[in-house]
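Novice: Before anything else, here's the structure in question.
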């Protein structure tokens with residue numbers, strides 16, 4: 001069977017491989033994808049049939065149809081209040097089994113083909129792959145709001161700087177001061193160190209109010225494992241330290257926070273570090289990042305400290 005391609009469009013986005021010490025690597029260039037067609041007119045017409053008339057996305061089982069044969073996807077069926085968007089007849093619960101069977105015979109490229117993904121999948125397997133495709137765009141890593149922006153790494157760095165006004169720094173060390181007059185009303189904070197996001201968040205750990213600082217890498221999980229970082233919070237002659245590997249921004253800040261993968265500071269301890277009358281939160285978060293290198297003789301990861 002000849003290759004068949006799916007009609008799809010994607011906003012400008014890509015995945016780039018960028019590291020703090022390897023800035024000479026170039027990310028994939030990206031551009032909008034126009035509708036993709038194979039050479040055969042039959043494939044094009046099948047794609048038209050598999051396109052939902054309401055959301056224009058590809059339809060997957062169950063595919064519904066009205067008594068006149070007009071089809072739409074299961075998601076949009078609930079949105080149109082059980083009325084066919086084409087002829088306005090009542091939809092009922094009729095499945096278009098013939099169209100579902102035809103879809104089984106199709107093989108399609110990943111929707112991120114123009115971003116570098118070479119894979120081809122059966123129609124019903126493609127969606128599962130695209131959800132975890134390494135070439136899919138990244139979500140905005142900003143922790144202060146539920147931002148819906150997606151894109152490649154350079155796009156998101158510019159977005160964080162211009163739209164979220166995130167403080168940007170270069171180098172491999174950081175030193176941030178977090179001050180709040182009311183420790184009960186702590187806002188989530190995000191700082192940028194080249195291609196790393198340093199997060200500071202407040203939440204409840206059981207019944208105890210805590211703060212947590214952790215690092216995420218602007219890239220995928222495989223690249224993130226190449227780095228290590230340390231964090232230190234202290235004051236009043238005391239300090240807490242943490243050392244670990246940054247998480248990828250593929251993992252949401254909520255997922256990292258809920259896994260407790262970072263430096264956790266109980267509020268009472270944070271106020272003690274702040275000194276004074278313990279009514280104002282004044283914390284200094286410091287740390288450094290280094291890249292792990294494979295030791296060719298012993299096979300052990302040794303730190304490569306940046307200068």
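Cβ atoms here come from the backbone N, Cα and C positions, even for glycine.
Pulled these from TrEMBL:
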| type | residues | note |
| --- | --- | --- |
| COMPBIAS | 7-20 | compositional bias 'Low complexity' |
| COMPBIAS | 29-38 | compositional bias 'Polar residues' |
| DOMAIN | 52-88 | domain 'RING-type' |
| DOMAIN | 105-165 | domain 'SIAH-type' |
| REGION | 1-38 | region 'Disordered' |
Novice: By DSSP, how many residues in the domain 'RING-type' (52-88) are helix, how many strand, and how many coil?
Specialist: 6 helix, 6 strand, 25 coil
Novice: Quick one: mean pLDDT on the domain 'SIAH-type' (105-165)?
Specialist: 88
Novice: Work out, from DSSP, the number of helix, strand and coil residues along the domain 'SIAH-type' (105-165).
Specialist: 21 helix, 10 strand, 30 coil
